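Just below is one structure, and these are the notes that go with it.
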Amino acid sequence: MLPSQTLLHTAVLALAVLQAFASDTFIAAVYEHAVILPDATAEPVSPEDALALMNRNMDVLEEAIKEAAQQGAHIIVTPEDGIYGWRFTRETIYPYLEDIPDPAVNWIPCTDPTRFAPTPVQERLSCMARNNSIYVVANIGDKKPCNSSDPGCPPDGRYQYNTDVVFDPKGKLLARYHKYNLFRRETQFNYPKEPEAITFETPFGKFGIFTCFDILFREPAVVLVSELQVDTVLFPTAWMNVLPFLTAVEFHSAWAMGMGVNLLSANTHNISFAMTGDGLFTPEGPAAYHYDSGTEEGRLLLAELSARPRLSPTYPPAVNWSLYATNIKKFPVEKDTFSGAVRRDIFTFSELRHKAGNYTVCQGVLCCHLIYRMLNKSNDEVYVLGAFDGLHGSLIKYHWQICTLLKCKSTDLNTCGQSVEMAQTKFEMFSLSGTFDTNYVFPEVLYSGVQLAPGEFEVLHDGRLKSKHGTSQPLVTATLFGRLYEKDLPHPLRTSP
C-alpha cells in the first residue's frame, strides 16, 4: 500500500472508530474557581515560587476534576487565569510560563515528562486527565522565543500568549489555542499574528475553543460556529460582570442560544472583581448555571448535553431577526424620548408610563418595538424601552445594536442604564423586536437577583423575543443584543509584520 493510501486508510479507520463509539449525549462539567492569587510584585519571582503558587491552584482543580469524573463527566473546563491568577506585568508573569508545543507532536506529558522539559504544569494537567479518564481544559501561559529575523519579535526576545490547552482522557495534548482578542489589561501577553480556529473531534461531537473576550468578535467565535460548524464551544473565562447586559450568565446563555451551540463556560470567582457566573448553556437555554456574588467559594456544575444539538428535534428554527419589526406599520415612533448612558454608550430611551402599551424607539437605523402588560407595577420602579446603534469601547471599538426593556436604578430617569440587579415588577407579557442589520442577535432575559429564566421565553422565527406565560419573577431586563462585526473598526494594537 502506498504511503498516501495508508494515511487515507488510517484516517477513515479513525473516523469509523469515532462513529462507532459516538454518543447522542455527554456529561459536561465546568468549575468556577476561587483562584489563589500571587502577591503583586515589581520583580519576577523565582520559577520555584511560581510553581508553588500554581500547584496550590492545581490542588483545588484536581479535586474538582476527580469529583467531576466520579460523577460521570466526560469533559471538564476550568477558568481563564485559573492556575496563576492575574496582577502581572510582562516581566513578572514570565516565571509562570511554559513552552507549549504544537499538539501535532503527539505527546503525553504524564508519561513522557522530559520530552519538552521543563513543563511541570503540562505534566500535572496531563496526569489529571489520564488518571481520571476525562478531557481536561485549562488556561496557562505559553512562551515562544524569537529573534531579530522576525520583525515582530518583542525587545525581550520572546512572544507570550494567553493559552488554552486540552488534554484527552489518555493525557495526550490534544489542542492548544492562543487568545486572539486580548482584554485591555492583558499587556503581559502578545497578540497572535493570525487568528486560530482550533477544533477537534470526540465521540460526542465536534468541539471548538476560545477564551473570554474572544466571544464578542467574529474571529474566532463566529468562524468556529458558522463556518466550521462545531457542536460545542469550550470557554475558559475571567468575566467581570457588568449589569444590565453583560453579566456572565445572561450573555453566555444568550450567545449559546443565538449561535445555536453548546457553550461550556468556566469563570474565575472573585467577588471583589465582580467575577462570578459560569454554566452549561445550550441552544434551548441553560442546562445548569451558577451566580454567587456573596461568598468566596468555587462551584462545580455538571449537566447532560446533546452531543450534536443541530440534529436534535428540539433545535430552534432559524430566525430572521428583523422580519417582524421591519413590517410594523401601526406603531408611531415615541416623541417623548431621552438619552441615557449604559456605561459609555448613549441609548435612546422612552419611559413606559402605563401598565400596558405599544412602544417604538429608534436610534440610527435601528428601531426597537415593544408590546407589554405589567402584572403588578411597583410605584417606585421605572422601566424604559431603549435602543442603541453604534460603536462600543474606548480603545477597541466594535459595533452593537441593542433593543432592551430595562428597569432603571431608581425613579430618577438619569439612573436609567446604571447597574441594577433587583426588581419588584412582574410582567403579564412582553414582546420585543428590532430592525436589526445582522443575523447575530443574542436574546437575554434577566430576573431579579441575576437569575435566568429558562423555559419562560421564546424567540419566534420572525425575530420576536416573547414571554410564554408572563414572568414568574420580577424582571430586570429583556434584551436583544446584536453584533455587526462588519462595522467594527480596525484593531489599534494588533499588528502583523
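Every residue, even glycine, has its Cβ placed from backbone N, Cα and C.
No curator has checked TrEMBL annotations; they are predicted automatically.
Over in TrEMBL, the protein carries these features:
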SIGNAL    1-22  signal peptide
DOMAIN    40-307  domain 'CN hydrolase'
ACT_SITE  Glu80  active site, proton acceptor
ACT_SITE  Lys179  active site, proton donor
ACT_SITE  Cys212  active site, nucleophile
Original post:
Same-chain residues six or more away whose CB lies under 8 A from the CB of Glu80 (active site, proton acceptor)?
Top reply: Asn139, Asn162, Asp164, Thr211, Cys212, Pro236, Thr237, Ala238, Thr268
Original post:
Just counting, how many other CB atoms are there within 10 A of the CB of the residue listed as 'active site, nucleophile'?
Top reply: 27
**OP:** Write out the long-range same-chain contacts of Lys179 (active site, proton donor), meaning residues 6 or more apart in sequence whose Cβ is under 8 Å from its Cβ.
**Re:** Tyr161, Asn162, Thr163, Asp164, Glu186, Phe189, Pro192, Phe210, Thr211, Cys212, Phe213, Asp214
